[in-house]
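The active site, proton acceptor feature in Swiss-Prot is assigned to HIS66. Per Swiss-Prot, the feature Ca(2+) 1 binding site maps to ASP67, VAL70, GLY72, ASP74, SER76. Residues or ranges marked as substrate binding site by Swiss-Prot on the basis of sequence analysis: PRO159. The heme b binding site feature in Swiss-Prot is assigned to HIS189; the stated evidence is sequence analysis. Annotation comment: Swiss-Prot describes THR190, ASP241, SER244, ASP249 as Ca(2+) 2 binding site, evidence class sequence analysis. Look at Swiss-Prot and you will find CYS35-CYS112, CYS68-CYS73, CYS118-CYS322, CYS196-CYS228 tagged as disulfide bond. Swiss-Prot lists ASN151 with the feature N-linked glycosylation site, giving sequence analysis as the kind of evidence. The signal peptide annotation in Swiss-Prot covers 1-24. For ARG62, the entry in Swiss-Prot reads site 'Transition state stabilizer'.
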Amino acid sequence: MVWANAKMRLALSLVTVFFGISLANLEVGFYSNTCPQAESIVKRVVSGAALSDPNLPAILLRLHFHDCFVEGCDGSILVNNGAISEKNAFGHEGVRGFEIVEAVKAELEAACPGVVSCSDIVALAARDAISLANGPAYEVPTGRRDGRVSNMSLAKDMPEVSDSIEILKAKFMQKGLNAKDLVLLSAAHTIGTTACFFMSKRLYDFLPGGQPDPTINPTFLPELTTQCPQNGDINVRLPIDRFSERLFDKQILQNIKDGFAVLQTDAGLYEDVTTRQVVDSYLGMLNPFFGPTFESDFVKAIVKMGKIGVKTGFKGEIRRVCSAFN
């Protein structure tokens, strides 16, 4: 029995080492005794900020994803430590929402000094943002601690819009996420916008001779080129979900199937057998009557993502200000 327990501990350790998924003591309601108002404070600040910025749900959801994919979900993307700051990495281009996290942190420090981590604020804010976009409500396991490292060189393996589906699957697998998780987390693009900067190659240099990506629906191509003309303003933004950019739903998956994906990486989900099957599984007439719904599976995927490389116990710290190490 002792030998069996030892083997089990070794197996769990290997899962953590190779995949970065922490099996440590995150738990729903972690702050119920030490700061019982923590989650309500996060929700109130996020809801108030969203009144003046309808894009905030997408902004905070993206911030959570980018935080977790570098050094785990430890708030490392929030730190300002000069030119080497992780947030300055090209892979984090356009990531925003830092001031919202700081606003939440300031209120939490006033109510419960030194208790709630910045990394938990990011995860909770993303949850509340999704709810504001009419997405699923879910419980967030908390208890993360903040990392003590923030360096742009560590963000070199962030998923990029030009990545092939094979590269994307490999990058997600490195984080302990499978092909199904890839589809579900990519479907977070159901809310938000992207810049024409990320569209140039797909529209004007995808094939020899300056031809566009052939997977773009021919009826959609003129719309994209009008919004993002060749040699035009690369900072112009367009919705990633053509029909419901501010509503969290599975329309993005239908768009991917029909050739209306805006991003190359989203379109690639329908070019791979495994990910195509996942996309189709949420679009059949029998879904959601038979099998899990897109919303329920998305919750599982984002909670799973929120456990990547977390620091708990005596690891890391609880920052007093999210933009600076203690």
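Each position is counted from 1, following the chain as shown.
Quick reminder: no glycine exception, Cβ is built from N, Cα and C everywhere.
Because the structure is a prediction, the values reported are computed rather than measured.
Known features from Swiss-Prot, placed on the structure.
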residue : record                             : contacts (Cβ under 8 Å, 6+ apart)
ARG62   : site 'Transition state stabilizer' : VAL95, ARG96, GLY97, ALA188, GLY192
HIS66   : active site, proton acceptor       : ILE77, GLY91, HIS92, VAL95, MET158
VAL70   : Ca(2+) 1 binding site              : SER76, ILE77, GLU86, ALA89, GLY91, LEU154, ALA155, MET158
CYS73   : disulfide bond                     : HIS64, ASP67, SER119, VAL122, ALA123, ARG144, MET305, GLY306, LYS307, ILE308, GLY309, VAL310
CYS112  : disulfide bond                     : TYR31, THR34, CYS35, GLN37, ALA38
ASN151  : N-linked glycosylation site        : ILE84, SER85, GLU86
PRO159  : substrate binding site             : PHE69, GLY91, LEU168, LYS171, PHE172, THR265
CYS196  : disulfide bond                     : GLN227, CYS228, GLY232, ASP233, ILE234, ASN235, VAL236, ARG237, LEU238
ASP241  : Ca(2+) 2 binding site              : HIS189, THR190, ILE191, GLY192, LEU247, GLN251, ILE252, ASN255, VAL262
ASP249  : Ca(2+) 2 binding site              : ASN134, GLY135, THR190
Rounded to the nearest Å - Cα separation of ASP74 (Ca(2+) 1 binding site) and CYS68 (disulfide bond): 7
Set of same-chain residues at least 6 away whose C-beta sits under 8 angstroms from CYS118 (disulfide bond): GLY75, LEU78, VAL101, LYS105, ASP146, ARG319, CYS322
In three-state DSSP terms, the structure that ARG62 (site 'Transition state stabilizer') belongs to: helix
Cα distance (Å, whole number) from SER244 (Ca(2+) 2 binding site) to GLY72 (Ca(2+) 1 binding site): 30
Alpha-carbon distance [CYS68 (disulfide bond); SER244 (Ca(2+) 2 binding site)] in Å: 26
